[in-house]
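Read through the structure below, which is laid out as structure tokens, and then see the notes.
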Amino acid sequence: MQKDTLVFNLIRQELERQRRGIELIASENFTSLQVMQAMGNVMTNKYAEGYPGRRYYGGCEIVDQTEQLAIDRLKQIFNIEYANVQPHSGAQANAALMLAILQPGDAILGLDLSMGGHLTHGAAVNFSGKLYQPHFYGVTKEEGLIDYNMLEAQARKVKPKLIICGASAYSRDIDYARIRKVADEVGAFVMADIAHPAGLIAKGLLGNPFEHCHFVTSTTHKTLRGPRGGVIMMGKDFENPFGLKDVKGNVRMMSNLIDMAVFPGTQGGPLEHVIAAKAVAFGEILTDEFTQYAKQVQLNAQAMAKAFVAKNYQIISGGTDNHLMLIDLRNKNISGKKAEQVLGMADITANKNMVPFDDKSAFVTSGIRFGVAAVTTRGCKEEHMNFIVDAIDTVLMNADNQAIIEQTKKSVNDWMLQFPLYPELG
Ligand SMILES: Cc1ncc(COP(=O)(O)O)c(C=O)c1O
């Protein structure tokens, strides 16, 4: 067959784009070469509906071993009893978990999207807001911290079946114990979606959600630095207290109900090639090298936040505990949309983001979100954060000056040469 030069040329161009720029999208990272290699393998050819040892197809004896390895390693990382590594993405993980424990029309309570939450936590445009009855809590106007009083009041008022914590744009740790307390009071389950800070939680650098939450979901491609994908986990398996039944009317252990909600509930055949790559990434997370990486991510985020504050940028909540920060640009007289656009012109990639109590639409926004997981993988340390913040500030303060943006782009490209990306790929 003729090589598809069109597509492979585009892949090459994407590699060059990733190499020359400063990647600050908080949900992105660079996997190791072996994680990528594990993803592009013959397991993409294999159907394996079911779970290791209980499949609906023959020939699964090898993929059974990789999937079991991924499960075992993930359980070891978080010291937990249950893991399902089949969800194709974070959104799929959340959909499956909700399918396992909710009925259509059940009330759910999550962090508002415009306050840092995620689409799958009840947004009107998402399955979670359409199938279930969504309610929200927010952050406080003064401090930008989760408004636990509001969360508790809402929980008592709407009596949700599920309280969701975790966020896409929240830079502080979460008080899981406090959320569990009100959940027990109103008879709700608690799910933590740790898609963003999972890599830091894995190394004990943030509070442990497994001690307090019934369920934990995550993506695998952000701070966990694995292939794109999702997982569902439980610290302890349990016989469900609300008598949730499977389709045959049997009360089952939660692990059975979750497994069934992933397959056949929401997915068909698992992506065994991606699961192989998850297994490799989980193996990497278990090393001391990853511990150093996770610590460096946190140090870099704090150094970056400090550098922004020194330039009078308004970080929501004043700083960060994890790998990201959300900046309100209103005092800098530039919208999130324009900031994203001009930074892109200087090869600095970030995304516009609504800030709490934003007066601009989600397409324009007053804010921008920065994360350091990717630049830390490139090799950046605290001392490099000043260069990055200086470059960002130069671009934002000269957003209509083509010459300065072009000059900054050149210095960004030169600067990134000291942090090689996939040198093995030539
Ligand atoms: C908190 C949270 N949950 C879920 C997701 C969804 O993950 P995916 O894009 O893999 O579906 C994201 C993605 O950004 C997220 O931030």
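Going from the start of the chain as shown, residues are counted 1 onward.
Placed from the backbone N, Cα and C atoms, the Cβ positions cover glycine too.
Here's what TrEMBL has on this protein:
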BINDING   Leu113, Gly117, His118, Leu119, Ser361, Ala362, Phe363  (6S)-5,6,7,8-tetrahydrofolate binding site
DOMAIN    2-391  domain 'Serine hydroxymethyltransferase-like'
MOD_RES   Lys222  N6-(pyridoxal phosphate)lysine
SITE      His221  site 'Plays an important role in substrate specificity'
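Features as recorded by TrEMBL, highlighted on the structure.
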residue	record	Cβ neighbours (10 Å)
Leu113	(6S)-5,6,7,8-tetrahydrofolate binding site	24
Gly117	(6S)-5,6,7,8-tetrahydrofolate binding site	25
His118	(6S)-5,6,7,8-tetrahydrofolate binding site	23
Leu119	(6S)-5,6,7,8-tetrahydrofolate binding site	16
His221	site 'Plays an important role in substrate specificity'	25
Lys222	N6-(pyridoxal phosphate)lysine	27
Ser361	(6S)-5,6,7,8-tetrahydrofolate binding site	11
Ala362	(6S)-5,6,7,8-tetrahydrofolate binding site	13
Phe363	(6S)-5,6,7,8-tetrahydrofolate binding site	10
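Checking the recorded positions Leu113, Gly117, His118, His221, Lys222 against ligand 1, the ones with a C-beta less than 6 Å from an atom of that molecule are His118. His221 (site 'Plays an important role in substrate specificity') is 28 Å away from Ser361 ((6S)-5,6,7,8-tetrahydrofolate binding site) when you measure Cα to Cα. Mapped onto three states, the DSSP output places His118 ((6S)-5,6,7,8-tetrahydrofolate binding site) in coil. Within the set Leu113, Gly117, His118, Leu119, Ser361, Ala362, Phe363 that the record links to (6S)-5,6,7,8-tetrahydrofolate, no two Cα atoms are more than 16 Å apart, and one pair reaches that distance. For the domain 'Serine hydroxymethyltransferase-like' (2-391), the predicted model reports an average pLDDT of 97.
In this structure, His221 (site 'Plays an important role in substrate specificity') belongs to neither helix nor strand by DSSP; it is coil. Looking at Leu113 ((6S)-5,6,7,8-tetrahydrofolate binding site) and Lys222 (N6-(pyridoxal phosphate)lysine), their Cα atoms lie 19 Å from each other.
DSSP assigns Leu113 ((6S)-5,6,7,8-tetrahydrofolate binding site) to a helical segment in the three-state reduction.
The two recorded residues Phe363 ((6S)-5,6,7,8-tetrahydrofolate binding site) and the residue listed as 'N6-(pyridoxal phosphate)lysine' have their Cα atoms spaced 23 Å from each other.
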